[in-house]
Amino acid sequence: MISKINFVKMHGLGNDFVIVNKRDLSSSYDLSQLAKNMAERHTGIGCDQFIIYEEHNDFYEMIIYNIDGSSAKLCGNATRCLAKLIYLDTGKQDITVMVGNKKLLCNVNDENNISVNVGSVSFNEAWMPSRDKVWEFAERYMIDLKETICVDIGNPHVVIFSKLEPQDQKIVGERLQAKELFADGVNVNFAEVKDNKIYLSVWERGAGLTLACGSGACGSFAAGLKRGFIHSPSTIVFKHGNLTMKEENGNIIMQGAATLVARGEYYCEQ
């Protein structure tokens with residue numbers, strides 16, 4: 001039997017998503033497998049992450065799947081994309097998005113300028129290994145991590161203030177998934193600071209190197225502030241565009257564009 005699923009394809013600075021309203025999904029779907037199928041770039045729609053959303057009385061719930069079918073706890077670019085989609089479909093400008101227990105306050109200033117208040121970050125969580133353990137691991141694999149800091153933005157990130165070539169970023173990103181360091185994996189950010197801007201590349205757990213990462217931008221901005229490398233406001237620079245970042249009363253606010261690519265129908269065999 002073949003069923004039809006309405007979808008929207010969007011991207012935030014090249015970080016792309018397939019977005020589906022939960023009401024269009026049958027309860028019989030294996031969502032993890034559906035995510036893998038739709039995310040496949042040759043036989044599916046193609047995306048970095050698969051997003052399901054559901055409207056409630058005063059907020060929208062967002063569920064995030066990686067291309068390997070695993071779940072993710074946060075995605076800043078997907079949040080901006082979902083906020084824009086809701087704005088286009090309903091006209092709402094102030095939108096609350098819930099991802100698990102994380103509340104994200106969104107404002108659509110205009111179609112190309114969406115801000116997301118992601119709240120506070122933490123530099124002291126149980127999942128974070130000691131600095132000595134990270135350095136010991138780095139030396140074993142001959143990885144030059146230079147200035148490194150862990151940050152929790154609702155999902156786990158490690159920020160490496162070091163310039164590495166893409167092939168080396170891939171190696172480091174994969175090796176830092178070692179269970180002895182990060183039991184559930186970690187998002188790895190490669191940050192280079194120039195003139196109060198952070199030039200950022202991100203290796204996302206469950207996805208690999210992506211063109212942009214909103215939560216990585218937030219975590220790297222917070223880490224840069226903590227280390228004194230930058231001041232607020234600042235700019236995060238990705239290959240296909242920038243995000244403006246600022247800190248207000250301990251909260252991190254991300255601002256940038258989101259792009260609607262297509263609306264369509266996906267045909268699914270059950």
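Numbering starts at 1 and runs along the chain as it is shown here.
A Cβ is built for glycine as well, from the same backbone N, Cα and C atoms used for every other residue.
Some features that Swiss-Prot has for this protein:
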type     : residues                                                    : note
BINDING  : N15, Q49, N66, G76, N77, N155, N187, E204, R205, G214, S215 : substrate binding site
ACT_SITE : C75                                                         : active site, proton donor
ACT_SITE : C213                                                        : active site, proton acceptor
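Across the residues annotated as binding substrate (N15, Q49, N66, G76, N77, N155, N187, E204, R205, G214, S215), the widest Cα-Cα separation comes to 17 Å. Packing around N15 (substrate binding site) is summarised by its Cβ count: 28 other Cβ atoms lie within 10 angstroms of its Cβ, all protein chains included.
Taking the mean position of the Cβ atoms of N15, Q49, N66, G76, N77, N155, N187, E204, R205, G214, S215 as the substrate site, the remaining residues of that chain whose Cβ falls within 8 Å of it are D48, I64, A72, L74, C75, A78, V202, A207, T210, C213, G216. Take the binding-site residues N66, N77, N187, S215: by the count of other Cβ atoms within 10 Å of each Cβ, the lowest one is N66.
For the pair N187 (substrate binding site) and the residue listed as 'active site, proton acceptor', the C-alpha distance works out to 10 angstrom. Other Cβ atoms within 10 Å of the Cβ of C213 (active site, proton acceptor), summed over all protein chains shown, number 31. All protein chains shown were included, and the count of other CB atoms within 10 Å of the CB of R205 (substrate binding site) stands at 22. DSSP classifies N15 (substrate binding site) as strand under the three-state reduction. Recorded residues N15 (substrate binding site) and C213 (active site, proton acceptor) have their alpha carbons 7 Å apart, per Cα-Cα distance. If you draw a 10 Å sphere around the CB of C75 (active site, proton donor), it holds 29 other CB atoms from the protein chains shown.
For C213 (active site, proton acceptor) paired with R205 (substrate binding site), the C-alpha to C-alpha distance reads 11 Å. The secondary structure of C213 (active site, proton acceptor), as reduced to three states from DSSP, is coil rather than helix or strand. Reduced to three states, the DSSP call for N77 (substrate binding site) is helix. DSSP assigns N66 (substrate binding site) to a strand segment in the three-state reduction.
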